[in-house]
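Chemist: Here Swiss-Prot flags Ile18, Gly60, Val61, Gly62, Lys63, Thr64, Glu65, Asp255, Glu320, Arg392 as ATP binding site.
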Amino acid sequence: MSEMTPREIVHELDRHIIGQADAKRAVAVALRNRWRRMQLGEEMRHEVTPKNILMIGPTGVGKTEIARRLAKLANAPFIKVEATKFTEVGYVGKEVDSIIRDLTDVAIKLVRETEMEKMKYRAEEAAEERILDALLPNPRNTWGEEEKADNSNTRQIFRKKLREGQLDDKEIELELSASPMGVEIMTPPGMEEMANQLQGLFQNLGQNQKKKRKIKVKEAMKALIEEEAARLVNPEELKQKAIAAVENNGIVFLDEIDKICKRGESSGPDVSREGVQRDLLPLVEGCTVNTKHGMVKTDHILFVASGAFQVARPSDLIPELQGRLPIRVELTALTTDDFERILTEPNASLTDQYKALMATEGVNIEFTKDGIRRLAEAAWQVNERTENIGARRLHTVMERLMEDISFDASEKSGETFVIDTDYVNAHLGKLIEDEDLSRFIL
C-alpha cells in the first residue's frame, strides 16, 4: 500500500498529466485516506468508510489517464472497468459481481509477487543446491544405488563458477514441475464464474506432476527459483492476505458511467443502463461477494467513477447511486496552452516519443517553440470545429504531420528535420482550414 503524501501523489501525477488540479487533489486525498484508516484502532477503522469520487469532464482531458497513473502509484489491488460492459443480473452479459472477482485475482497476483520476493533469497539457495546436484551427481554402485561421495571441495569450486556465470551455457538434466494444463473453456456470457472454477479444476490435475527436461543452467536457475519460491509460499495464507488487501485497500475505477444513465425518452426495462446502476448499488454501499478465493466484503473498497456527461447529466443517475458518490470533481476542457504543455512537459511526451522513434533510423527531429505552438493551435482549432476529443486530437495531428518523415526515414539516415510553423502549415494548413477535410482526416 502506498505511503505517499497527497502532495507527493499530485507531484507524481503532474509528471504525466497536465492541469486538472482539482481531480488530482481529490484522488490524492482519497488514496492517502486509505493509509490513514489503516492507522486507526479496530473499532474506528470499521466505522470509517471511503468517500467515493465522481469525475465529470469532456472526453480526452485526463480522466482515464489519472486512473492509469493512480494504479501504478497505489501499490494496492486496483482495477479499471468500463460500465458499458455490464448488464442486469439474469440477462446476457457480464454481471457486476465479476468486478470484485477480477479485483481479487489482481490482489492474489500482487500478494504472490510480494511473498515470492520475500522468499527469493531462500529460493535462490535451494535452486543453487539443485543445480549443483545435477552438475555433480553422486556415483552409483553396481546395483544402481546412489552412494554418498565427499565432493565438498569440487562443489565449492562449481558453486563459485555458477555464481560468476561461467556455467550459464552448460546443459543439464533436471526434474521440473510440469506446466499446468492450459484448458480454454467457452461458456455463455454471464457464466464466467463457472468457467473459472472449471479451469481451476483442470489446472489442479497436473499440479504435482514432474517432468525431466534438458535445460541450460541460466534458464534452469530462473525456473528453479520460481518453483522453490512458489513452494515456500503458503497458498491459504496468500488467499487471506489477498482478500484483506481487497477489503481494506481495493480501488475500483468505473469508466464511462454516464453511458449507463437512463435516457428520458426510453421506456420498458433498461437492463444495460438503469439495471446496471441498481446492481452496482449493493457493491458501492457494501455487500459480500462470493469469489473462488473466498468471501469478499466491499464495505471499504474505494470506487472512483468517471464520465463525460455530454448527453446525460450526473442527476440522471439513480438517486441512491448519486448519494454513494459524494465527492464531485469537474475536469475542464483543454486550451491551446494546455496542448502546448502536453506536447513538451510530461515524461515521454509526444514530441519526445517521435524523436526517439526516428532516432532509431538515424534521423534527427527538432521541434521549435513556434512549431509546437502552431501544432497546439491546429489541434485546438480542429476540436472547436468538429468533435472535441481533447488531447487525443494531438495524436491524430502529430501522426499526420510526421507521415512523410516516418515513411522516408529509412532512406534519410543522418538528416535533420526542423518542425517549425512553416513546416506545420505546409503539411496541415489545408486540412485545418477546410472543415470537410478536417472532419474526415483529422
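Using the three backbone atoms N, Cα and C, a Cβ is placed for every residue, glycine included.
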Chemist: Could you state, as a whole number of Å, the largest distance between Cα atoms of any two of Ile18, Gly60, Val61, Gly62, Lys63, Thr64, Glu65, Asp255, Glu320, Arg392, the listed ATP binders?
Modeler: 34
Chemist: Cβ-Cβ under 8 Å from Glu320 (ATP binding site), same chain, 6 or more residues apart: which ones?
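Modeler: The answer is Leu281, Glu285.
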Chemist: Using DSSP reduced to three states, classify Val61 (ATP binding site) as helix, strand or coil.
Modeler: coil
Chemist: Which of the three DSSP-derived classes (helix, strand, coil) applies to Glu320 (ATP binding site)?
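Modeler: Reduced to three states, the DSSP call for Glu320 (ATP binding site) is helix.
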Chemist: Let me know the DSSP-derived helix, strand or coil state of Ile18 (ATP binding site), please.
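Modeler: Coil, per DSSP.
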Chemist: If you count the C-beta atoms lying within 10 Å of each candidate's C-beta, which of the binding-site residues Ile18, Val61, Lys63 ends up with the smallest number?
Modeler: Ile18
